[in-house]
Ligand SMILES: Nc1ncnc2c1ncn2[C@@H]1O[C@H](COP(=O)(O)OP(=O)(O)OP(=O)(O)O)[C@@H](O)[C@H]1O
Ligand SMILES: [Mg+2]
């Protein structure tokens, strides 16, 4: 009887279903909690008047919160900082990670050295992020930034230009932090390409470079987008390592400029995660700040959701462009 | 008659190993130019492997080792100075399992042409159409040239990969069981195509169908367990084989 129960896999199904339910409950509960905590923050409870005017005021308050500068209690600099650092990181980490993965998977000779490199890359993913922050400060800010200053910004020394924490170093540190994720995921994408697609391409007289460029990379592009999604989600949430390299609780000005490249790469920035940390723990009036913390958290989640949605759409487009039935070897 | 035939490919002492397993053993063979040569033999005897060694596809598989020589127009293709990509352009291959690229039908056929540097749309259109016509596929796909090729049926895919290979006009065309998934009418068209192609090209086909081998080929090679047992004109081979094993295989009394 009991044996039969096991053989039919009933306990297994219950365990699976239970695990799914628990995960859903936790994630759903988290989202619901944040939503509940923050949804009412800007409701003009003390104002009398028609529900319509109240609603308008409610939206106006939200808008104020989203678009205002920090001195007005707004989080616009934090949103902009998060978006900029994450985008810049993507621009840096994608080509680097993809090139590294292509090299490791397509060109490097299988052997002890390659195994060591692989293990190193995988272990890099497990290095605590704070270590990346310290490294970023020592290597990027002091060494690289210092060298740039002494080469190109000699006039303004001893005031540092790039030799101080700033947006560029934040993005570079994040790129380094997420590099293993991108390499590993891209490599998996490369490994998943059916052998006979490559052979078919070689058979038509393609060189190795042509095979990689015309078949391998397009085929692996959905995997690269997935990798980037993971990287972005991870990067947007980091605070601690970034404090070393250029994220501050309130930036003196926005890292934008009116001239090309429209960015002030050496500017310090603030980010949503930093804002949440700061408002939640460091503000003198934590009680009062708490609702705003939840509102910021909601904005951060929404932002990551939007970025993921964009990546998802892109991946779907790529997938249908290179659609394929499983072609088994 | 034999005096007029020149050898397009000359196989000398060719051996092939997968890992430590010997798959081809000391094969010696001359493939005549502008003829159709058929490879027959039981499953696993090394027909596909021999075919792949004519354009060095084996070295793309894991852990293979080739020894011996294959001369294409007198030049050893295993010489280190040979440009393998160029070799494969001259010696095209159609694999046993159809492997269309996950692109459109059109792009599949244009793929090799684009690699050659042909960019003009008009020229590509013409070449793609003519290759598809030759492979007896044009009528079926003319309205869905820009649909994905992986949605074609198995037999259509088989003809598509043939079209893809002949589009770049190789001098030698290696066809590994090109009709294994085709209905009799498409088979007949492919056989007609082979007949047309041999005016200008040299063809080698692998087939398990004895009637087909007898019907289309000029020469036949019988392989067994990695060894070439017999090679002769098809007429001779099918009427009066010199080896007992050949006769047994052809008449279906084998093993
Ligand atoms: N990629 C590979 N790795 C290892 N062994 C292989 C590989 N490909 C083929 N072989 C082995 O080489 C031998 C010859 O295989 P091959 O595919 O050339 O046979 P075949 O005559 O074409 O058979 P079939 O008629 O079934 O297609 C077989 O024993 C097979 O197991
Ligand atoms: Mg075979």
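Using the three backbone atoms N, Cα and C, a Cβ is placed for every residue, glycine included.
TrEMBL: automatically predicted annotations, no manual curation.
The transmembrane segment annotation in TrEMBL covers A:12-36 (among others).
The annotation transmembrane segment is assigned in TrEMBL to A:75-104 (among others).
Annotation source TrEMBL lists domain 'ABC transmembrane type-1' at A:79-311.
TrEMBL lists A:124-144 (among others) with the feature transmembrane segment.
Marked as transmembrane segment by TrEMBL: A:164-185 (among others). Sequence-remote contacts of a segment are chain residues at least 6 beyond its ends whose Cβ falls under 8 Å from one of its Cβ atoms, and for the transmembrane segment (A:164-185) they are 81, 84-86, 88-89, 92-94, 96-98, 100-101, 104, 121-122, 124-125, 129, 132-133, 135-137, 140-141, 145, 223-224, 226-228, 230-231, 234-235, 238, 241-242, 244-248, 255, 263-269.
Under the heading transmembrane segment, TrEMBL lists A:292-314 (among others).
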Cβ-Cβ under 8 Å with the transmembrane segment (A:292-314): same-chain residues at least 6 beyond its ends: 31, 34-35, 37-38, 41-42, 65-66, 73, 75, 78-79, 82-83, 86, 225-226, 228-229, 232-233, 236-237, 272-273, 275-276, 279-280
Same-chain residue ranges lying at least 6 outside the transmembrane segment (A:124-144) that approach it to Cβ under 8 Å: 162-165, 169, 172-173, 176-177, 179-181, 184, 238, 240-246
